[in-house]
């Protein structure tokens, strides 16, 4: 069975390890753990990992965040992956840093990357892993906040956050979305 795991982020070194790129960070960490590297292909950097007999196709769109749907749609069709086997990893300002929430469907919550995916796929019925990045910013400073690096304190906690996110990704593919949601949504 194949799964499409999309980590949202922006390409370019200036965005490396910023809050908005936490989706990329999860996939980078998973690829490193599995000893694979990403290759630049159409609309994305792609890597493939095997987990308990399942194939996870890791996708880091090169279309910039607000056009992520283009890469998702292309790789979904290219690999012939059903909507229920897609997981999108994204940052979430509404959740405290380190909090993870997995949902089988839902709204974009104002997230432009998710909005474009929903618009392109004509559906919001795909699983998403929302990763809390906090909301410690002044009114009107949201863009600067998500494009800024994590604080020193947050960086200390990042290995644990990434481990829990990787566990959520592999759980999605191996134990199913319902059980993965139970495991993810009951932990901090």
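For all residues, glycine too, the Cβ spot is worked out from N, Cα and C.
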Among 3, 15, the candidate listed by Swiss-Prot alongside 64, 66, 112 for tRNA is 15
Within the same chain, the residues at least 6 apart in sequence whose Cβ is under 8 angstroms from that of residue 15 (tRNA binding site) are 9, 21, 147
Here the Cα-Cα span from residue 20 (active site, proton acceptor) to residue 91 (site 'Stabilizes the basic form of H active site to accept a proton'), rounded to a whole number of angstrom, reaches 6
Cβ-Cβ distance under 8 Å, sequence separation of 6 or more, same chain as residue 64 (tRNA binding site); the residues meeting this, in order, are 10, 11
